[in-house]
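Chemist: Just passing along the structure, written as structure tokens.
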């Protein structure tokens with residue numbers, strides 16, 4: 001065949017068919033011009049010669065060209081990972097506090113109950129014989145374990161592999177997608193899970209985790225088990241009749257040696273639930289040690305028994321005995337989820353006292369919902385008294401604003417991000433269903449969202465303070481000013497963007513009102529027509545202001561000096577900020593000294 005081929009093709013033709021390795025051209029570029037297919041497969045037509053070229057040569061050229069084309073495109077590979085090291089990174093790099101493991105597991109349990117509730121709309125049989133929809137947490141200090149049980153939807157064997165055996169696989173995200181596709185169920189905003197890594201936070205404190213679960217979809221109950229330092233897990237069927245669940249999931253954490261003392265403590269668990277999961281929709285019960293008084297018969301000596309042999313009644317005494325029982329941990333309901341028209345004033349006050357450990361009623365509250373680019377609900381409060389420490393004015397480290405996402409606590413440490421420091425005395429909660437959090441649910445990811453939220457919260461706070469000022473009972477605002485006036489002045493100094501909103505909220509003594517505080521609006525209203533400026537003086541005391549050497553000349557002309565600025569720590573800075581404000585109701589600010597110098 002080779003001699004025949006050499007006779008058929010000249011040297012130039014063979015050279016034309018030979019691809020150039022250095023150029024790596026595709027197969028189409030290698031073909032001589034003018035070629036057209038012949039009728040037979042594997043045979044081609046060589047233009048200009050009228051001869052058929054054998055299939056073997058064409059096939060060899062095509063295979064070589066295809067190989068070079070594949071080499072140019074590259075091969076596709078999948079990422080490989082050392083699972084145990086990856087798990088260690090996920091667990092210990094995502095979360096800044098070990099205690100959040102309980103928040104994550106309770107949130108998963110809440111999602112399981114929510115899924116069951118939605119499925120029961122179209123299939124009521126899933127609720128059969130499952131008991132109440134609830135979450136129970138049982139710490140065992142002796143065994144060094146924590147057991148979290150929910151009566152939710154449970155999981156099948158395949159779902160165990162998908163949800164727990166696949167890192168970053170979110171069962172909740174899948175469920176939400178199915179809800180959106182099923183118009184009968186509707187979309188739900190109460191489901192919390194998103195990234196599919198919350199479950200693995202259990203390994204922050206546990207050396208081994210055992211999950212026992214029963215789904216209404218199957219008669220079988222399965223156990224998933226894994227250790228913290230392992231790259232594999234085990235799934236087996238539960239065969240012990242005493243450990244059978246009617247429905248739901250039970251997670252048992254075998255705590256690390258150095259975490260047993262803290263997290264197997266029932267009181268500590270109760271506190272974590274109240275902090276992170278106080279407003280979860282379903283009841284959460286924790287196993288707690290309690291005490292009660294009971295009457296018991298007194299033990300008598302042998303001689304006393306013989307003496308009182310004929311007596312029918314024996315002496316009794318009261319003792320205190322210890323016992324264990326379930327206790328509801330989240331009895332406080334999220335008041336911000338209700339319609340403001342349906343909430344009584346006393347309910348707002350009680351919520352404030354419980355949520356912030358206060359004993360005085362607040363001066364005012366604001367309950368509102370915002371919609372648009374960022375949607376959230378909020379309840380804000382003006383406290384009934386000022387902070388005990390004056391240092392909080394200039395350097396506040398308060399945790400007064402609590403951020404929730406779907407009623408799960410996220411953070412109260414924002415360092416001025418949600419509220420400016422001059423409003424750090426305001427207390428309240430902010431709850432949203434769609435905030436862009438990072439994977440650990442500890443940090444807001446988009447600063448633009450934070451800016452929008454901050455702007456709306458600050459505006460609502462100004463409205464709340466203005467409502468106090470507009471009340472017929474002026475004593476309320478006087479009380480507010482005595483407690484928080486320095487904060488308002490600090491706002492005028494620092495927040496140039498809101499100076500015009502803050503200025504009407506300021507109060508001062510004046511040359512005509514040395515006992516009652518007045519506002520700038522009142523001052524302007526009382527000005528004579530010939531007066532063109534708002535006059536003020538800054539001194540170290542009210543007495544110094546009254547006896548200022550330059551004051552008499554203005555008083556003789558019946559010109560009121562509006563602002564006696566007597567807080568030397570803040571008011572001298574306020575004078576400077578007023579120069580930047582320039583106008584109030586078209587009147588400029590002028591110091592008493594500048595008036596006399598003209």
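Cβ from N, Cα, C; glycine included.
What TrEMBL records for 104, 108, 150, 155, 170, 171, 194, 195, 196, 197, 198, 199, 249, 441 is ATP binding site. Taken from TrEMBL, the feature coiled coil applies to 294-321. Sequence annotations record features per position, and here TrEMBL assigns domain 'Histidine kinase/HSP90-like ATPase' to 97-259. For 1-42, the entry in TrEMBL reads region 'Disordered'.
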Chemist: With H, G and I counted as helix, E and B as strand and the rest as coil, say where DSSP puts residue 104 (ATP binding site).
Modeler: helix
Chemist: Which is it, of 104, 150: the one of these binding-site residues whose Cβ has the most other Cβ atoms within 10 Å?
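Modeler: Sorting the candidates by Cβ neighbours within 10 Å, the top entry is 150.
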Chemist: CB neighbours of residue 198 (ATP binding site) within 10 A?
Modeler: 26
Chemist: Run through the Cβ atoms and count how many others sit within 10 Å of the one on residue 249 (ATP binding site).
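Modeler: By my count, 24.
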